Amino acid sequence: MEELIKLNFPKSVEEYKKQSEELMETYDKGLKEIIEIPKEKRTFANTFEATDKLDVKFRNIESSLTFLANASTDEKVRDVANEVEATLSKYSIATSMREDLYQAYVDCCKQNNDFKESDLSKEQLRYVSKTLEGFEKNGLQLPKEKREKLKEIMTKISDNSIKFSKNIADDKTKLSFSMEQLNGIPKETIESFEKDESKPGNYFISLKYPDVIPTMKYCTVAETRKAVEFANGSKCIKENTPILEETCKLRFEAAQLLGFKDWASYKSNYLMVKSNDNIQSFEERMRKLLTPHAVTEYDRLKQLKKKIYLEKGGNPETYDDHYYSYDNAFYNNVMLVQDYQVDNNLVKEYFPFEVVIKGIFNCYQELLNVKFTEVPAYQPWHEEVKMYSCVDTADSNKLLGHFYIDLFPREGKYSHAAVWPLIPGYERADGEKQYPVAAMLCNFTKPTPTTPSLLTHDEVVTFFHEFGHVMHNMSTKVHYSMFSGTSVERDFVECPSQLFEFWCWNKDVLVNKLSGHYKDHSKKLPTDLVERMIAAKNLNVAIFYLRQIQLALFDNAIHSGNPANFTNTADLYHRIATDVALNPNQKGTNPGCSFGHLLGGYDAQYYSYLYSECFSASIFEIFDKHGVMNKELGARLRNQVLAVGGSQPSSETIENFLGSKPNEAAFLKTIGL
């Protein structure tokens, strides 16, 4: 199994540091051999390909040493994995700025006339250009003094990112409420909350998704919602405010050293969008389009709030006409029930976890010609962790890869939903092969003593989305690890996973593939209820997308221009929430401090979610026309989009599949505008 999985989690805390030191020594030795090759003897194979082989070994061990920072139940393991991640990150930054290594690649290109008349494949030529680009992004063209300064800045940014994420994962905030204060929250949901033993009858609400979301959605007590939202918006505010604000300043400084106006200009230069001007015009265009619709939606929600207040005998003279941020989820849900008769508590009875996972797996298996089989989990980090093999049913059941799933919340675990590509997959021309391994971490509703884990429809959508990332990794058919799976431009990486969300809104899929009542799996979601769910899909959709644009604009604002131009991130966040989302967060909060994307790889790139939805909607139009379970289309999707990873520009990938350039029309159509 170890031969296939290529992971080896250390058995003790001491092993982490020992293995990380050995890893750096081995990598240095390998680089030395590449650097010492005489200039006249340099070839693609002994310089570029040799580096990829070295990188693969480094990355495999690095995953083994750092991943458990996100998942281990042992705080000591999480801490040492974070320490090792900081050490390896510092080492990687220094390596990516080595002049002698860069010179080896430059010499190789010169020796081979920039490979202009070579028989290198398109992917090999891309490997050359991306390797050189990586060094140039790290300032190898700068004088030594500036390079040293840049290295110092990049190392500090990396350290800050690790601390920022760790603070969010380690948050232990919980608030105690009586049953009266939790009025409206379903009984079985309250049963899943931790009991407050010091106050009999009280329950704790943590800031994890399965606690916060039902509270904001169902609790009739506005003061409870206000308190929970305030705590959530203040998560890590003390620890992460200085980290976030310092990082923004450091990024600006780094961008200036590299010859860019600001960090957003630097990042966008290497993405599909090409420039920060294009990001800002895209966001502004979408904002203008959505705002009038959102104003209408807010008016309806305000009227509903007042109507309910008066129906309960409230005094019109003392009515508070404000519509607060903690009102949103609650009145949206009331409207869903009143206007569409969609009760999410009833809906989730038809989504028991074991039915949903089987259904989602079946959809992916049927559509993409693959098969998943549970296998004994290799070095599992928790008893709930499961592992599956993935084989290609269209090609003699050949193994494609393995994936882990770890789906329920626990202390110290990564608190959102994400997929880690632990081991890159590739097959070289000489037959050398490595199978990909991915890990999917989520925080779905846990089972209670009386009911199994029942997923909300939103959680079903999240599962489908994240599993799209898993399949992007499993489907990889590239020659070089640099291009494996989700190693694509950041503003394309969400396209496949967002595409698969559409299956969660298909009537046949919902009824026949994903649902089965938890008391009797043969009882499917009633057809009329599904039709009402689909009809309500775009309920208050403009508000939802304005919120996405608000987050993208906040991300863009802190990375555009000089950070000295804004006083602090809390004020900036509040202003953008007021002006853009039309619904400000509570004063005294700063949700930017727990906005993991900002220091988790989406810096100046949060626009990517909405941007890539335009691509996924364009692809889904074809499935919608020819059938969502069309195997021929599924095979095309797997081979033309998922399998190619980053081995070609993503603009080429999307145009190859569509037969034309994507546009925003398909997306606007899906949201009913």
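The backbone N, Cα and C atoms fix where each Cβ goes, and this holds for glycine too.
Per Swiss-Prot, the feature active site maps to Glu466. The Zn(2+) binding site feature in Swiss-Prot is assigned to His465, His469, His472.
Applying an 8 A CB threshold to same-chain residues 6+ apart, the list for His472 (Zn(2+) binding site) reads Gly485, Thr486, Val493, Pro496, Ser497, Leu642, Gly645. Sequence-ordered, the extra residues of this chain that approach the Zn(2+) site, with Cβ no more than 8 Å from the Cβ center of His465, His469, His472, are Val419, Glu466, Phe467, Gly468, Val470, Met471, Thr486, Glu494, Pro496, Ser497, Phe500. With the fewest other C-beta atoms within 10 Å around its C-beta, His465 stands out among the binding-site residues His465, His469. Packing around the residue listed as 'active site' is summarised by its Cβ count: 20 other Cβ atoms lie within 10 angstroms of its Cβ, all protein chains included. The DSSP secondary structure for His472 (Zn(2+) binding site) is helix.
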